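J.: Structure below; questions to follow.
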Amino acid sequence: MQEPEIFEQPVAAKDPEAAIPGDENNTYHTGYSSGFQTNGNGDESSLEDYHDFVYPEDRKLGTWSTAFLIINRVVGAGIYSTPLFVYLEYGTALPRSGGEKVYLERVFRRPRYLATCIFAVQFVLFAISSGGSISFSSYLLRAVTPERDSRDGSWLNRGIAVAAITGVCLIHAFTPRLGIWLSNGLGAFKLVLLSLVVFTGFAALGGRMVVPSPGNFSNGFRGPSINGPTTEDTAGTAAGSALALLQVLYTYSGWENANYVLTEVRNAPKTLRRAAPIAVSTVTVLYLLANIAYFAAMPKSQLAGSGTVVAAQFFQNVWGDNAFATRALPVFISLSALGNVFAQSFAMPRVKQELAKEGILPFSRFWASDWPMHAPSGAILLHWIFTTALILGSQTPDVYSFVTNVFVYSGNWIKVFLGVGLVYLNFTPSERWAEQRTKVHISPMLVLLWIVSLLYVLAAPFIPNNLSGAVKFFVVPTLGTSLLVIGIGYWLVWAKMLPAFGFHIQHEIVQMPDGSERVKYKRVRPKKRRKRQRRPSVW
């Protein structure tokens, strides 16, 4: 089969000083606005209807906005999926929007385009906001009907979740500045609410509860019984530990959120070095205290069975069934979950826009659109489509756990590749990584330990178990691993089959007006050579 032809010609950006007249935001456009552009060889390049632009300084994120972007993603969804310094080392050395996409392309250059295609499949399909939207809906319904089952997968629950993600996406697409302000405000509100959990936990430790003390600290490492007191300890099985880790990893995920939008961060390496430790250290302390609080006030069986509304049950155990605990607090917690949706819907579409700008996705020009407010509106629509599809398509009663497990499991494959890549960069002098990275550096041995732990989490869920309720044990790991198969299949079509039908993949290094570079791929059909006309004979 014909190999794709690679063109590696640098494409210089337009002069940054030549801003487009009448552009109030003073953005610098490097894409073609209309028609075809002719390069030095006389070949016509394809039409582009999106723009690359430098974000104005007043729209770039500072230290606290970047910190709240991480906090908003972490609190209400997570805080520990990967050692912080792995993303700090990558992010400060490669300070561009795109996150894992940029890092994978830096490491895995052969086979060409394979790493990018696998990441594109994982991120488009699974990097969505279904979990946060469902959590928002569940807590809101709990405020209205406290007796409602937290694992309710009714159409009402799904409908509210769809309405939530729709509203958030519209705000980010058409009023991007308002979206940032709301995200920051909800991030600050989350810290207040989490502090309330911590202080309520202190009251529970002091014995001030309306229910008997659960006594969890007397046998803290024994897992709950999910089907009654005679059920064996699920924490002692490999599959049970792995599924628990998937939930913990989701709870502690989100450190990478700022890495997705580094182009929009002011002085990205310096700001990231400040913002990430501020966000993570703050949330780590609060989360440790919050876990102690839950453990002090709730039996393990209740913790395991409360689903998405565990915090609401926690407050009821301590304060009783008063209006504040049963009505107001669930609303507050739903707003915390909504903040997570805001943070995800701000960062994730920007990575999808980067994929679209490079021509990796079908209908890339549409998904790369930044019309009309210089926000990634096309990618936000793509994010909305797959988020809504998973919300409406999940047929399991415990939709939240299913969605979050698939999200974390699929993302763990990408994190394994990142870990292997970082070890490779550090032990391969020809890559010159030591010259490229900043002073932020993590020990390769710690990265190796992290890789081993991720491989365990990826393998153990395939062990037969009955811990997933109505969902068969193999569904989550199979669906999460399918990204590898789908990504390879997509790569075979995009990079191998299309060239066999006359398309070539054009690979360009595009220099951005702010000095950074990105790789850009185009599928173009080579022009047919005209046959030379024979001169008429003079005889």
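Glycine is no exception: its Cβ is also placed from the backbone N, Cα and C atoms.
Note that TrEMBL annotation is computational and uncurated.
Annotations for this protein, taken from TrEMBL, read as follows:
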REGION    1-43  region 'Disordered'
COMPBIAS  24-43  compositional bias 'Polar residues'
TRANSMEM  113-135  transmembrane segment
TRANSMEM  155-175  transmembrane segment
TRANSMEM  187-211  transmembrane segment
TRANSMEM  276-297  transmembrane segment
TRANSMEM  324-343  transmembrane segment
TRANSMEM  375-394  transmembrane segment
TRANSMEM  406-425  transmembrane segment
TRANSMEM  446-464  transmembrane segment
TRANSMEM  470-493  transmembrane segment
J.: Using Cβ atoms and a strict cutoff of less than 8 Å, what residues sit near the transmembrane segment (324-343) while being 6 or more residues removed from its termini?
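T.: Residues packing against the transmembrane segment (324-343) from afar: 69, 72-73, 75-77, 129, 132-133, 135-140, 142-143, 146, 164-165, 168, 172, 179, 182-183, 186-187, 189-190, 193, 254, 257, 309, 311-312, 315-316.
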J.: Report, as numbers and ranges, every residue of the chain located at least six residues beyond the transmembrane segment (470-493) whose Cβ falls under 8 Å of a Cβ in that stretch; write 'none' if there are none.
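T.: For the transmembrane segment (470-493), the sequence-distant neighbours (Cβ-Cβ under 8 Å, at least 6 residues beyond its ends) are 111, 113-114, 117-122, 125-126, 239, 246, 396-398, 402, 405-406, 409-410, 412-413, 458, 461-464.
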J.: What stretch, picked from 155-175, 375-394, 406-425, has the most CB pairs under 8 A with the transmembrane segment (446-464)?
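T.: The listed stretch sharing the most Cβ pairs with the transmembrane segment (446-464) is 406-425.
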J.: At a C-beta cut-off of under 8 Å, are there same-chain residues at least 6 beyond the transmembrane segment (155-175) that contact it? List them, or none.
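T.: Contacts of the transmembrane segment (155-175) (Cβ under 8 Å, skipping residues fewer than 6 from its ends): 129-130, 133-134, 136-138, 140-141, 182, 338, 341-342, 345-346, 349, 372-373, 375-377, 380-381, 383-384, 387-388, 391-392, 399.
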